[in-house]
Amino acid sequence: MNISIISVGKIKEKFLKAAIDEYSKRLSKYCKLNIIEVADEKTPDNASLKEENIIKEKEGNLILKHIKDNSFVIALDLKGKSITSEEFSDLIENCRLTGNSTIAFVIGGSLGLSQQVLSRANYKLSFSKMTFPHQLFRVMLLEQVYRAFRILCREPYHK
């Protein structure tokens, strides 16, 4: 199975890079992982709604360039569906069983995802109603993908 994580912005903190590297290494047993970072647009202080939408559109266009036609796209969105880790593993397994061997997870920047990206998504997923820094969220997503594969393989994992 091919898993892509397409996210806005670069990871700067060493501790987050270390966590991403660790989960990437762990996931190599289960899937081919591709992490793609697209440039984030600078948001001016007190940006208008119109300016925010333009920024999201620019970031969205960069994201869409990396999504393959055959990808099952899961957008990480506050308005998405909240599911358990077990349901998340079922979602990944259902993709595999229905011939979707490529899953693209999309993480937006600080303003979220553009409407074009949300429209392209096959599934909208929310981890929480809380807001997280998008750099930290990448680690959280990798952990949940790793947990999902451990669940699918009936391997022990800390609960």
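A Cβ is built for glycine as well, from the same backbone N, Cα and C atoms used for every other residue.
Predicted, not measured: the structure shown is a model, and the values here were computed from it.
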S-adenosyl-L-methionine site partner of Gly108, Phe127, Ser128, Lys129, Met130, Thr131, Phe132 (as recorded in Swiss-Prot), chosen from Leu62, Leu64, Leu76: Leu76
CB contacts for Phe127 (S-adenosyl-L-methionine binding site) [other CB atoms within 10 A, all chains]: 17
All-chain count of other Cβ atoms within 10 Å of Lys129 (S-adenosyl-L-methionine binding site): 8
Other CB atoms within 10 A, centred on Phe132 (S-adenosyl-L-methionine binding site): 15
Among Leu76, Met130 [binding-site residues], residue with fewest other Cβ within 10 Å: Met130
Thr131 (S-adenosyl-L-methionine binding site): tally of other CB atoms within 10 A of its CB: 10
